[in-house]
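Engineer: Could you have a look at this structure, given as structure tokens, before my questions?
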Amino acid sequence: MTNTIPNWIKLNNEIMIQKDGKYQFEKDKEAVHSYFVDYINQNTVFFHDLKEKLDYLIKNDYYEEEFLSKYTFEQIKSIYKIAYSYKFRFPSFMSAFKFYNDYALKTNDKTKILERYEDRVSIVALYCADGDYEKAVEEVHTMMKQEYQPATPTFLNAGRKRRGEMVSCFLLEVGDSLNDISRAIDISMQLSKLGGGVALNLNKLRAKGEAIKDVENATKGVVGVMKLLDNAFRYADQMGQRQGSGAVYLSVFHPDITDFLDTKKISADEDVRVKTLSIGVVVPDKFIELAREDKDYYMFYPHSVYKEYGQYLDELDINEMYDELVENPRVRKAKGNARKLLEQLAILRSESGYPYIMFADNVNKVHPNEHISKVKFSNLCVTGETLLLTENGYEKAADLYKKQNDLKVVIDNRTKDFAVGSKGTTIVDAIPMQLTKKDAEIFKVKTKQGYEIRATEWHKFYVKRDGEIQKLQLNQLKTGDKLLVQSAEGAYGKIHEPDLAYIMGIIAGDGTITEKTAKIYLYDNKKVLEQKVTDAVHRIIQKHKVDRAYKHNTSLLPTFNMANPEKQDLLYMNSTVLFDILKKFGMNKETKTRVPEFIFQANKETQAAYLSGLFQTDGCVNANHKAKALTIELTSIHYESLQDVQKLLLNMGVYTTIYSNNKRSQELLPDGKGGSKLYNVKPTHKISIQDRNSRELFMSIVEMKEYDVYKFNLLTETLQPKSRKPKHDFTAEIISIEEDGVEDVYDTTQEDYHSLIFNGIVTGNCSEVLQSSQVSVYTDYDKEDEIGLDISCNLGSMNIVNVMSNQSIASTVRIAIDSLTTVTRKTNIVNAPAVARANTLMRSIGLGQMNLHGFLAQNNIAYESEEAKDFANTYFMMVNFYSLQRSMEIARETGETYYKFDGSTYKSGEYFEKYVTNDYSPQYEKVKKLFGDQHIPNIQDWMKLKEDVMKYGLYHSYRQAIAPTGSISYVQSSTAGVMPIMERIEERTYGNSKTYYPMPGLSAQNWFFYKEAYDMDMFKVVDLIATIQQHVDQGISFTLFLKDTMTTRDLNRIDLYAHHRGIKTLYYARTKDTTQEGCLSCVV
């Protein structure tokens, strides 16, 4: 018996039979017509009307009745009428075949067809609108115009009575116990049965040879678990309609990594080889660094790490912890060579296409929800002596850590909206100070004006560049950058000691402290202060006298004496009692010139009194009437002391600059005996108050000597009523960034705006320490399980060609988000409790895209061109904008935001920085024309959206993910995802016949724009995907296309370039056999 080849297959094959030297693309449409007339129509069950059809499908358990009962029959009929009004025709045989073979509902024996394309679209629209007729109308229009296509699980299952889940993919954490492993396998099978793809994180599993209950060399490692999963996924599928799909991930720092990779070797032994299970490798930046330096590297046994640190290997920041793990003798480790492993990865990917690669730090660096990702030990941190401005004034980070109190901190208003003009401060809540890393590498940032800070390279700063505010990590700063410093009066403490503060200021300026005595000197025009100082000292002694025995001649009411009665040029006071009181409050011989710690937590009157005493003795008003220049200055040989004063003044709203004279010199100074003589002096430094606003504010707060007040007023009266705006604009210019040792570091989290003021400098803060995916702990039957957070996501994709043709980006995104949201709400996977919990709390969706190469080719734009990047930059920005907008609107409508939204960079506004500072409109005129009359969101639109999101929140934790779009691309007659095509005319084998699929709209005119991926420069492909990635909050399915002439070194170069450009993940690496190549271009 011979199998007859159907007529539609013959017609499709005639595409490749040249006529006049050209392919016969028109034959594909003839094949579609034959397929319908000769097969589809002949095998479709006939119903007299829609009611008869629906009654039959419900009665025989093909359709759910519940979702249909939410509409009237007239509404349902109207949706079907809309669908059929389009008179839809599949443009290619492959698209029609894919739909009817993979998606159309069939009788139980699979012999008869129960749905046409219009029927499936109508049911999906009704199901995803969930009783909202107007939404159902929008969705049926959008799907019939093929602007939006739900992913396979939704398109296949929506509305069916016997169905799988509509969620596309899951990620499970696997705990390190037999109960955890068994439960993970069971849940994987349940999810596979429902039609979902499942990825599992194996990094918590003990490596081969680790101990169990202190018995060494007892564990089998990850490969045994992989074999179990491989068999599980092959066994559990969706009733034969959709095969099970699983993937497992392991870090390059796990000791089983080599065995893990060997499971995909073509030559691997059957005992270790996995057949259907996909594998992926997690690559942190530290590994890339070690490979570039051609160094050996260490892998760490997870259980020994857990025993030592109480956290799993994949929960640690390996970039920061690597050296500590290497040096820690209690952490078991194995040695390897980073470059050799990179080479092994390249060889295996060339042979099998595996493993997938995830660049862990590229994912985390731009993760808007990093506050609920794994713990970051090296996030945004400062050293212990750094002063944080709180509602109680300045307090040391280390001291706050010891107290562990909830904080109220002062922030600069410019960090709220990134507006240069929004000067001012606000007091907001923050969590208790945290010790975020021990022995962290420290860098010192110095500014031209004297402000300094010591922090880790990840600490974030607010920088004014090109008139705009940006938030940058320390390792992104450069000399010349202008850091924001506090722009208005802040907050003060509650300590009230103005007399004590005043005398401390006097002594810091013109006093000395010996081993037992405090001395105060008054000379020249300072002698007028005699009575004021004497009265203050007496009040201090009366209030704070130390309970101790003094000599009989010790005065409790010390007075000034004349050092040289004849000259009457020096007054001095000695007091042992005052010495004891000053010592009690932290002032002694060594600390005399530093601002006492309690002053930083004192009230404004007390701080002003200290500054008054200091400036009355060591300060002056420098007035130049000719130049109309007026400055208030304070000179000292102690630079750090002036920095203390600078912080106090900045908190009062007074901007200062510190100047240094680094040359040693001689000065005429009092000799302590009533006379003067030349002394060698150390280099001097001067704090200067120059701008008019700061000068006048200072004089209203701090009491200067009468003569200085006279000079100040005399010149001020000659100035214009209004002065120009200060040039400093409350910024400080960086002059150096230097390594500065290793120390413990601290930080807190201010969840509203993620900003703080350290040492007067406006900075970012740490994100909250939680995990986005939390491992579950499954116990024995008599104990309660601990359910964590696994990850689920339902997908759908927009067809770029049709969306752009219909000028409908905004409306399609809105409709797609609504549809995906309904799927999320209607999903409850009880067999996977951690997935169900995450779906309820996180509400993640994944709006993707397809037909990018098709769109570019049909508009005569080369995939590798600058114009392609220009289009992608604008298009994907718009999708991001409208998806954020719709998620915000749903949050506003429902009053609900996703779990822990308040800790996200969406809430802080940080996420929007690049959008409110950069214009993403098209740069090329040709690309501009493609967008037609569609509104392209501008900076003002983004600023409004930022404001709305910060106010109302977001409903979804994740919104975009660009999947490969395999089968649904064929249904849409689309190129897959955002990747370039592999072949201009695909050849497929079904049964005993071949079929051909020309790329959508392929013609002689666009033939060369449909360049095949294997002929492209992969570096330029990386550039285009990197352009897209910056607008996509999740990942992109990115396949590398290689020729077999490429070396492993070539592949490594591409991988490293992808990492450098911020690519998050690399999917398959496909290799083409160049010996089979033929030339097709001559027969177009």
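Including glycine, each Cβ sits where the backbone N, Cα and C put it.
Below, the features straight out of Swiss-Prot:
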type     : residues                                                               : note
ACT_SITE : ASN379                                                                 : active site, proton acceptor
ACT_SITE : CYS381                                                                 : active site, cysteine radical intermediate
ACT_SITE : GLU768                                                                 : active site, proton acceptor
BINDING  : THR152, SER168, CYS169, GLY197, PRO964, THR965, GLY966, SER967, ILE968 : substrate binding site
DISULFID : CYS169-CYS793                                                          : disulfide bond
DOMAIN   : 503-654                                                                : domain 'DOD-type homing endonuclease'
SITE     : CYS169                                                                 : site 'Important for hydrogen atom transfer'
SITE     : ASP176                                                                 : site 'Allosteric effector binding'
SITE     : ARG206                                                                 : site 'Allosteric effector binding'
SITE     : CYS793                                                                 : site 'Important for hydrogen atom transfer'
SITE     : TYR1067                                                                : site 'Important for electron transfer'
SITE     : TYR1068                                                                : site 'Important for electron transfer'
SITE     : CYS1079                                                                : site 'Interacts with thioredoxin/glutaredoxin'
SITE     : CYS1082                                                                : site 'Interacts with thioredoxin/glutaredoxin'
Engineer: With Cβ-Cβ distance below 8 Å and at least 6 positions apart along the chain, what are the contacts of PRO964 (substrate binding site)? List them in sequence order.
Structural biologist: ALA976, GLY977, MET979, SER1037, THR1039, TYR1067
Engineer: So of TYR1067, TYR1068, which of the recorded sites has the fewest other Cβ atoms within 10 Å around its own Cβ?
Structural biologist: TYR1068
Engineer: List the same-chain residues at least 6 positions away in sequence whose Cβ sits under 8 Å from the Cβ of ARG206 (site 'Allosteric effector binding'), in sequence order, or say none.
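Structural biologist: Result: ASP176, ILE212, THR219, GLY221, TYR301, PRO302, HIS303.
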Engineer: Specify the count of other C-beta atoms within 10 Å of the C-beta of THR152 (substrate binding site).
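Structural biologist: I get 24 for this one.
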Engineer: How many whole Å apart are the CA atoms of TYR1068 (site 'Important for electron transfer') and ILE968 (substrate binding site)?
Structural biologist: 19
Engineer: Sort out for me which one of CYS169, ILE968 has the most neighbouring CB atoms within 10 A, since those are the binding-site residues we care about.
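Structural biologist: Output for this query is ILE968.
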Engineer: Taking only same-chain residues 6+ apart in sequence, whose CB is under 8 Å from that of GLY966 (substrate binding site), what do you get?
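Structural biologist: Spatial neighbours, sequence-distant, of GLY966 (substrate binding site): ALA976.
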Engineer: Provide the three-state secondary structure of CYS169 (substrate binding site) computed with DSSP.
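Structural biologist: It is in a strand.
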Engineer: How would DSSP class THR152 (substrate binding site) in three states?
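Structural biologist: The residue in question, THR152 (substrate binding site), is helix (DSSP, three-state).
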Engineer: Return one of helix, strand or coil for ARG206 (site 'Allosteric effector binding'), based on DSSP.
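Structural biologist: In the DSSP reduction, ARG206 (site 'Allosteric effector binding') maps to coil.
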